[in-house]
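Shown next, in structure tokens, is the structure this report addresses.
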Amino acid sequence: RIMRPDDANVAGNVHGGTILKMIEEAGAIISTRHCNSQAGEPCVAALARVERTDFLSPVCIGEVANVSAEITYTSRHSVEVQVNVMSENILTGAKKVTNKATLWYVPLSLKNVNKVLEVPPIQYTRKEQEDEGKKRYEEQKLDRLETKQRNGDLIFPVINPEPHTVGYSQSSLIHLVGPSDCTLLGFVHGGVTMKLMDEVAGIVAARHCKTNIVTASVDAINFHEKIKKGSVITISGRMTFTSNKSMEIEVFVDADPFVDEPRERYRAVSAFFTYVSLSKEGKPLPVPQLLTETEDEKRRFEEGKGRYLQTKAKRQAQMQQAAQQ
């Protein structure tokens with residue numbers, strides 16, 4: 001579809017959350033189709049995880065975004081979907097790949113939202129494809145478990161924070177989950193949640209550097225638990241790490257099931273977003289150094305630095321491999 005002004009920021013760059021929402025919609029369609037391709041109990045595919053996603057190039061107002069999806073692996077109860085996003089300048093005809101993403105879905109019964117159904121297997125063109133897919137499945141399963149175990153942090157307001165500190169830029173958004181946010185089963189679309197998370201992360205980044213900012217990448221997004229219609233969700237974001245030209249922001253979603261649910265608040269989703277600062281001409285700008293004050297902030301900064309260096313090394317290795325080929 002064509003990108004419109006309400007999809008973009010004041011500089012004309014389409015919000016990362018808008019692209020993430022489109023990616024999730026494509027993934028939900030193809031995985032739901034596949035899971036209902038054989039006779040059996042009808043179901044809807046629910047998003048469980050999004051692997052690291054890099055925003056290779058910004059999409060601008062007036063361009064057409066084309067999202068394509070393909071199922072690349074199935075386990076007994078999950079589906080792996082690979083999604084590509086291509087933007088097209090309809091005035092010049094120029095096209096470019098802007099995003100590549102991997103998503104994992106699980107099929108939930110229409111009759112019982114807590115029942116996970118079996119996934120019809122796909123046919124692989126070669127045995128290596130199945131082996132590689134199984135390896136990715138085991139890796140994401142382990143990472144999801146580790147992420148859930150460290151999801152206990154909360155964000156509290158800071159009185160009169162100093163500029164460039166964690167407390168200065170941290171932000172929260174409260175949203176009442178309505179029918180338009182939900183699937184047929186009455187829980188929130190993964191794309192809706194990701195769009196709100198990107199919005200909060202963008203506010204944190206803009207507060208920190210006071211410039212135009214764009215989403216550069218999103219680390220794995222883990223959907224730990226479903227969020228039901230009628231819940232009040234709090235999306236919180238805080239700066240964890242800055243390099244010379246990038247900012248890492250931790251975002252998590254907590255749900256309060258207010259309607260017909262005695263349950264207490266719980267952590268539903270968590271992820272790390274990376275942003276870059278841009279000039280009016282779209283050139284990268286230096287990012288102000290994050291000032292850490294507490295031991296927890298210093299620990300999170302070092303953890304973020306580790307993720308940054310790991311990603312940088314992986315990217316350099318890929319570039320070297322591509323050059324050799």
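Glycine residues also receive a Cβ, built from the backbone N, Cα and C atoms like all the rest.
So that you can see what the record holds, here are the features copied from TrEMBL:
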{"type": "ACT_SITE", "residues": "ASN9", "note": "active site"}
{"type": "ACT_SITE", "residues": "ASP198", "note": "active site"}
{"type": "COMPBIAS", "residues": "296-306", "note": "compositional bias 'Basic and acidic residues'"}
{"type": "DOMAIN", "residues": "1-111", "note": "domain 'HotDog ACOT-type'"}
{"type": "DOMAIN", "residues": "167-281", "note": "domain 'HotDog ACOT-type'"}
{"type": "REGION", "residues": "294-325", "note": "region 'Disordered'"}
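For the compositional bias 'Basic and acidic residues' (296-306), the list of distant contacts is 166, 240-241, 243, 248, 250, 272, 290: same-chain residues at least six beyond its ends, Cβ to Cβ under 8 Å. Put simply, ASP198 (active site) is 12 Å from ASN9 (active site) when counted between their Cα atoms. Within 10 Å of the C-beta of ASN9 (active site) we count 17 further C-beta atoms, all protein chains included.
Neighbour list (ASP198 (active site), Cβ cut-off 8 Å, at least 6 residues apart, same chain): HIS15, GLY16, GLY17, LEU20, THR215, VAL218, PHE273. For the domain 'HotDog ACOT-type' (167-281), residue counts in helix, strand and coil come to 26 helix, 54 strand, 35 coil, using DSSP.
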